[in-house]
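K.L.:
Could you have a look at this structure, given as structure tokens, before my questions?
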Amino acid sequence: MTNATDTNKTLGESMFAQCGYAQDAIDKRVSQVWHEIFEGPNKFYWENDEGLAYVMDTGNNDVRTEGMSYAMMIALQYDRKDVFDKLWGWVMRHMYMKDGHHAHYFAWSVAPDGTPNSNGPAPDGEEYFAMDLFLASRRWGDGEDIYEYSAWGREILRYCVHKGERYDGEPMWNPDNKLIKFIPETEWSDPSYHLPHFYEVFAEEADEEDRPFWHEAAAASRRYLQAACDERTGMNAEYADYDGKPHVDESNHWHFYSDAYRTAANIGLDAAWNGPQEVLCDRVAALQRFFLTHDRTSVYAIDGTAVDEVVLHPVGFLAATAQGALAAVHSAQPDAEHNAREWVRMLWNTPMRTGTRRYYDNFLYAFAMLALSGKYRYE
């Protein structure tokens, strides 16, 4: 059925097991995640008459590169090549832009019938697609045409790096500071887009000439995350300038809010794959400490000041912060290990979300369950 319940060739230790949960119970929870997203009455995965498939953002009633790339990663982790290929086929048919200013990027939002809602890309989709494809090639080998996974992964990254130089358009990474942009046209970032653990794989799989770039990008992102995450609270803004400070404009994305929750999870997975970074481990430990003693339903500025707004994705926030335990447990702060285990226990005791906002929350939940069970693999 699925390979995510196997224990061979995993990240290593399961934090769930370290917290005392039995392996059978862990495996059942991991299997439940697949059922909830892809099969059960609360699923948001759909197959169509073309033999392809998509996942829908149930809160916005559209199909996003974010969600499609997340679903592909989950299909890969569960060894479901059939689902992976149906999703990737839908992406290439309905999201891939063959011409125009953003040629070779993907339209970030599309209606379920394939009608584009936007002609612009969102870089978190492209970086996840590239990673999905490289890992698919490692696991299943390359096929033909769009299923020649590694070739497509290399193509995506080639345009991400070299647009504005050899190709029309703008790159998704600033060529000077090696930091990912919020969108190609902007010169600021989104801290939750920074995936140094992915860039280490890109440095092995991308075009030979670009591999040094990806090594540098991994190091640059780790430095950036240190700057973006507040030393006392561990929080980062949704949008941040290249110095890590919140990006303030009319869009009102300078608080610790929806996108921002993913940062702790990303730091945790990087620690699991590549070893802990002391400062980043301390940042996640600070985040976990703050939210064990403050109202978790409130939105905050990154300095810890409460904002008159309510968290939109409470389950996703909890799951991503719990995944950060993979880093926080390595912090030298005296309460870090205890707090990390408390977050893992809170996640274990929290069900997946139902209702219209379940899409984002349950994706973050799925990634956390895989990572904390030692089953989020990169080989």
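Cβ atoms are placed via backbone N, Cα and C, with glycine included.
Straight out of Swiss-Prot:
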type     : residues : note
ACT_SITE : Glu66    : active site, proton donor
ACT_SITE : Asp259   : active site, proton acceptor
K.L.:
Check Glu66 (active site, proton donor) against DSSP and tell me helix, strand or coil, would you?
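P.N.:
Assignment for Glu66 (active site, proton donor) reads helix.
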K.L.:
About how far apart, in whole Å, are the alpha carbons (Cα) of Glu66 (active site, proton donor) and the residue listed as 'active site, proton acceptor'?
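P.N.:
Given the Cα positions, Glu66 (active site, proton donor) is 11 Å from the residue listed as 'active site, proton acceptor'.
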K.L.:
Translate the DSSP assignment of Asp259 (active site, proton acceptor) into the three-state scheme.
P.N.:
helix
K.L.:
Tell me which residues of the chain lie with their Cβ under 8 angstroms from that of Asp259 (active site, proton acceptor), as long as they are six or more apart in sequence?
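P.N.:
In sequence order, Asp190, Ser192, Glu238, Tyr239, His253 meet the Cβ cut-off.
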K.L.:
Return the count of C-beta atoms lying within 10 angstroms of the C-beta of Glu66 (active site, proton donor), excluding that atom itself.
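P.N.:
Excluding its own Cβ, Glu66 (active site, proton donor) sees 20 Cβ atoms within 10 Å.
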